[in-house]
Amino acid sequence: MSSATKEVLSKVRRMIPPMLEKFHKGQLGRVAVIGGSENYTGAPYFSAMASARLGSDLSHVICTPAAATVIKSYSPNLMVHPLMRQSENAKKEHEPAAWNASKDPESNADRIAAQIKDLLPRLHVLVIGPGLGRDPLMHATVAHVIRAAREQELPIVLDADALAIVHTQPELVSGYDGAVLTPNVVEFGKLCDALKVKVGDNAPETARVEALAKTLRGVTVVQKGAKDYISNGETTLTVDLEGGKKRSGGQGDTLTGSIATFLGWRKAYLDRLWDVGKDPIGEHELVGLAAFGGSAITRECSRLAFSKKGRSLQASDLTDEVHISFLNIFGEDDEVDESRLLPDSLVSAYYCLTNPAQAYAQGKASQSKIHWQKKVHFSSESHLSRLDESATLR
């Protein structure tokens with residue numbers, strides 16, 4: 001990890017709320033993911049669960065009725081709202097609120113979006129795009145929701161098929177510093193082509209993301225790749241943490257959910273729900289830091305999952321690593337009850353069983369005098385609840 005990355009992570013750490021008894025449900029993040037068409041139910045689930053596992057208090061999914069039943073079966077922890085409609089299904093249902101006699105997608109989208117807009121005052125962040133698909137009615141509905149979210153200054157994270165809307169309607173997000181775009185390599189190229197963003201052949205690696213962010217007048221863009229580049233056109237950050245080597249579909253959904261949680265914490269930070277110190281971070285800088293934090297978590301999730309699953313890695317494996325990734329990168333402020341720590345021998349045995357590849361590498365690295373400190377906490381039922389590792393070079 002570079003010194004620059006460590007410096008940025010120390011800033012990100014400042015926006016993470018402490019665990020205080022005075023907080024009540026919903027103060028530390030209310031996130032909704034809009035997507036989930038009939039054919040794509042996994043993506044909104046992965047995004048919403050990443051948000052919840054990272055620490056958002058309440059996690060919603062707004063999707064089609066066909067997707068809602070499936071997503072509800074994935075987890076009882078998510079609140080699922082079957083408010084979206086696809087064109088063909090809306091016609092079959094003959095719902096006045098979804099499909100009027102004129103069969104005008106724009107008119108019907110406004111009617112459908114009205115129900116979603118009613119939810120916005122209850123939310124802190126919107127993620128739009130996971131599992132959205134290319135249906136015209138879905139896209140028209142989302143466009144209405146983006147306008148309403150922007151009017152209410154609600155942060156939005158756009159990914160996947162929602163980025164296609166930006167191709168044709170860049171004015172929806174242009175100039176809105178509460179918007180974060182998370183394109184992959186292909187999506188990034190399409191955005192640059194659609195918005196006529198060009199840089200010279202010998203330009204720095206960050207030139208294109210900076211140019212795209214400037215074209216969108218201050219929108220934060222996360223250019224995903226071997227390194228993640230984050231820019232709002234004025235400030236550019238590079239996330240160089242190691243990730244996994246498997247590029248299975250759905251990993252970007254962990255990113256959107258993670259960024260959303262940090263944006264929810266941004267609101268808590270700005271509301272001063274705890275003592276943030278004498279030199280608070282600026283409101284606009286926090287957006288980039290939220291994107292950086294989400295990227296760091298996702299890359300660590302990918303690294304951990306790949307170390308265990310290798311080529312068989314799936315998006316669901318990243319979901320399982322969100323909490324330990326948070327501990328690895330940011331730690332926790334809780335004091336350790338030394339009486340509840342396991343003997344070193346048992347900790348070592350557990351570590352070797354659960355991380356054989358890393359344990360082998362550790363043994364090889366012991367010649368370089370790397371000292372590992374491991375602390376394992378057990379609940380009152382004697383179940384393993386946390387493994388906290390830190391490697392310190394001596």
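Using the three backbone atoms N, Cα and C, a Cβ is placed for every residue, glycine included.
Annotated domain 'YjeF C-terminal' per TrEMBL: 8-329, in sequence order. Here TrEMBL flags Gly131, Asn184, Val185, Val186, Glu187, Phe188, Gly189, Lys190, Asp253 as (6S)-NADPHX binding site. What TrEMBL lists as ATP binding site is 224-228, 243-252.
Projection of TrEMBL feature records onto the structure.
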residue: Gly131; record: (6S)-NADPHX binding site; DSSP class: coil
residue: Glu187; record: (6S)-NADPHX binding site; DSSP class: helix
residue: Ala226; record: ATP binding site; DSSP class: coil
residue: Gly244; record: ATP binding site; DSSP class: coil
residue: Gly250; record: ATP binding site; DSSP class: coil
For (6S)-NADPHX, with binders Gly131, Asn184, Val185, Val186, Glu187, Phe188, Gly189, Lys190, Asp253, what's the maximum Cα separation in whole Å? 20
The rounded CA-CA distance in Å from Asp228 (ATP binding site) to Gly131 ((6S)-NADPHX binding site) is 22
How many Å lie between the Cα of Gly131 ((6S)-NADPHX binding site) and the Cα of Ala226 (ATP binding site)? 24
Which one of these binding-site residues has the most other Cβ atoms within 10 Å of its own Cβ: Glu187, Asp228, Asp253? Asp253
Among the binding-site residues Lys224, Lys246, which residue has the largest number of other Cβ atoms within 10 Å of its own Cβ? Lys224
Among Val185, Ala226, the one of these binding-site residues whose Cβ has the fewest neighbouring Cβ atoms within 10 Å: Ala226
Least Cβ-packed of the binding-site residues Gly131, Gly189, Gly244, Gly250, Gly252 (other Cβ atoms within 10 Å) is Gly189
